[in-house]
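Scroll down for the structure; my scribbles are underneath it.
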Amino acid sequence: MGELEEKETPPTETTAAQQEALEEPKETDKMLDKKEDAKEKTPSPQTSKPASPNAGKKSSPVAEKKIDDAELAKSKSGNGEEIIDIPAENGTKPDSADDKKISKEEREVKPKKIPIGGLKLPGFFMKNKPKADGDGAEGELLEKEKEEDKDKEANGDAATGSGKDEQKSRPGLGERLRSFFARKPSAEKEKKQLVNGDADAKSEATAEATPAEDASDAPPKRGLLNAIKLPIANMIPKKKSNDDVELGLGKAGLASMETLDDSLKDQDTVDRAPVKTNGTEELKGELKDEKLAAEEKLAAEEEEQNRPVSLLTRLRGYKCSVDDALIVFGILLFVLLLGVIGYVLTHETLTSPPLREGRYIMAVTGCGPVEGVKEDGAFAFRGIPYAKPPVDRLRWKPAELIDDINMCWNDTLQTHNSSVVCTQRLGNGTTVGDEDCLYLDVVTPHVRYNNPLPVVVLIGAESLAGPSPGILRPSARYSRSHDVIFVRPNFRLGVFGFLALDALTKEAHPPTSGNYALTDIIAVLNWIKLNIVHFGGDPQSVTLLGHRAGATLVTLLVNSQKVKGLYTRAWASSGSAILPGKPLSESGKQNEQLMATLECADIQCLREASSERLWAATPDTWLHFPVDLPQPQEANASGSRHEWLVLDGDVVFEHPSDTWKREQANDKPVLVMGATAHEAHTEKLRELHANWTREEVRAYLENSQIGALGLTDEVIEKYNASSYASLVSIISDIRSVCPLLTNARQQPSVPFYVVTQGEGPDQLATVDADVQAILGRYEPHTVEQRRFVSAMQQLFYYYVSHGTVQSFVQNRRVINVGQDAQPEEDYLPCNYWISKDIVPRYARVD
């Protein structure tokens, strides 16, 4: 502890009785004074003090109390200061006259010096005596903070007042519990409170330093918090500051819990004794100022803490740790993921144009915007022009895409209704349609640019002269349910779509004629490549679906170099097995019969002829081909039969069979071929007999080429021909099923299917059964028929989406589609007809 500055104080005279009543100095003080004497060889007159003759005697508690009361009354100076006399060292020599003179003039109390860092064990040298007796030093120091206690002591009521104050200041159980859970000040605040004389700490120290007024009163109890804090504070001592050392407030150590109170008493009696000097007023003033400043600061801090703080201020002052940052980052990431998922699931980007009046929608083409209409949950655009009208000079010219801005439109073209079909001949001999017919229909479930859908191009015609499109019309309901886009184009038919003449060949560059309908379909594929994306379609997934005469055109296009990159796969249903094999020159000579009938010498005359005159001049043998049993006259006229399709040298270079020979096996076939088991059925044939019996079937076979070849009995036995269904099955195998299977066998990767599931009273699988099931127009009435529809749709739409046929196996290439799709090694009846040279000789020709 640092040594306080020495200041002069007025001498205080003490009587012998008072000196005798004072308690002898403690053993610790004696030891410290002896060390000082050893250090200073000549004692200073300022520090010496006459010893009491009765210093060595032990005083009683009663005498101590009396002396204390008398001394307290005399020791108060004019200014109210308390002067505490410290007894001198044990000595027996009486004071001399010189000593008294020095005491009167220069007498002052010098504080005892304790070396800094010295060990102070207050309880080690204590005498064993009961606490009730008290210590003589306890009565020497009084409370300096409380003015009320000073006034009471001056009036003689110190004992009574101190007892009441002690009783009042003792906290109750509730207050102690509340203080236990209150926020504890920091170490720095505790240090400042100790320096400035905190009220709680001083009250405890004063209570210990004040002598017991009444021997019968029990010692004051410490609070629960102090009882806990004191052992912990002494077990883990904190570093003392220089102020603690200089003021004498520090403790050297703790000997035991029993000596804790004595340590505090020694601290008060020894360390605070020098406060008697004249600098006490200044020191007390400074301490009070510091105390007031500390109290004001503490009050300001409490007020600052109690002041309501905004959330933003709290967030700014918050110091987050690494764990807090990771938690916040995880929460933000989770919220972000939820937002992204919600955005993807609920948000619809404006990829589709809005509806007008709730049913009209607009799309864009290369020639201008078009407006479609909503139907059955899908959108239909009907009558979109895809090529220039093939009229006047463009009659018998290859189709040309619209590249002239003068042929386009400025406003939105309303494509709500179907356009007129191309001119054609119906089955009853009437003609319908118009030459300006190169339009197409688009049916799409969505008009959007994201998630493009596969495209199915419907090419249907019962014959190359018409009617078209026949049964092959797009279904809005199935477009929506299967997520595909249907495109159905018009294409030229009859003489307008297939006429090949030498005169036409000579004026064309490159020199070619005929197959104009094929160029129409090629133009459609080019239009799809450029525009289908605006209708929600995928130009990289285009499937050609041909039915009957349309299947024949599809088969030719698959083998043409003109369509490479314009389609992805093809499906041909009930097409013709007789494909063009005649050269262009030979076909041109055969078609000169038309010019002779029209009495035209040049092409200009033909272009000026009306469509009605041209249809009237068309030979009947060009329009109709018998779908019946082969007749004997066909054997001699097979080479002279008319064929609409030719080897034009532009679209069709060679016979498809020559192309198939060069093909290699492919896991994903580009063509699927198929037919129905009873596609030769006609109402005209059925009405020949009301009830077809075995005899009637035999008679009908005998009158055909089969009877001429003597195969009637074999055929009846093989087919069990005793009904109309068996007769139709024989005709279908000869004309269509077996010839198509023969073509499929020439292609290593082409699956072939046969529909055998029947309907109606005769259980016939008619020519349109497969296409009706694909487009949703087949009306099932039994469980077997419903399963057939499901199997047929699964075959087709899986192929459209993935490019493979589920039931196709390389060594079992024939798929028998009954109520289920079953792969088989072969279709047995065909081998018989092939062996008899009937197939493919008498195959149907379109």
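Each Cβ is built from the backbone N, Cα and C atoms, and glycine gets one as well.
Since the structure is predicted, the reported quantities are computational estimates derived from the model, not experimental observations.
Within the set N278, N428, Swiss-Prot records N-linked glycosylation site at N428.
The cysteine that Swiss-Prot pairs with C600 in a disulfide, picked from C605, C738, is C605. For the residues S179, S203, S418, S640, Swiss-Prot attaches the annotation phosphoserine to S203, which does not rule out the feature elsewhere.
From S77, S162, S638, the position flagged in Swiss-Prot as phosphoserine is S77. Recorded disulfide link (Swiss-Prot): C830 to C738, out of the candidates C437, C738. N410 is the residue among N90, N410 that Swiss-Prot labels N-linked glycosylation site. Just one residue in T206, T412, T423 has phosphothreonine written against it in Swiss-Prot, and it is T206. In the structure shown, the C-beta of C422 has more C-beta neighbours within 10 angstroms than that of any other entry among the disulfide-bonded residues C422, C437, C600, C738, C830. Using CA atoms as reference points, the disulfide-bonded residues C422, C437, C600, C605 were checked against C738 (disulfide bond), and the closest is C422.
Around C605 (disulfide bond), the C-beta neighbours below 8 angstroms that are at least 6 residues distant in the chain are L598, E599. Closest to C830 (disulfide bond) in space, going by CA atoms and restricting to the disulfide-bonded residues C422, C437, C600, is C422.
C600 (disulfide bond) is 25 Å away from C437 (disulfide bond) when you measure Cα to Cα.
The CA atom of C600 (disulfide bond) is located 24 Å away from the CA atom of C422 (disulfide bond).
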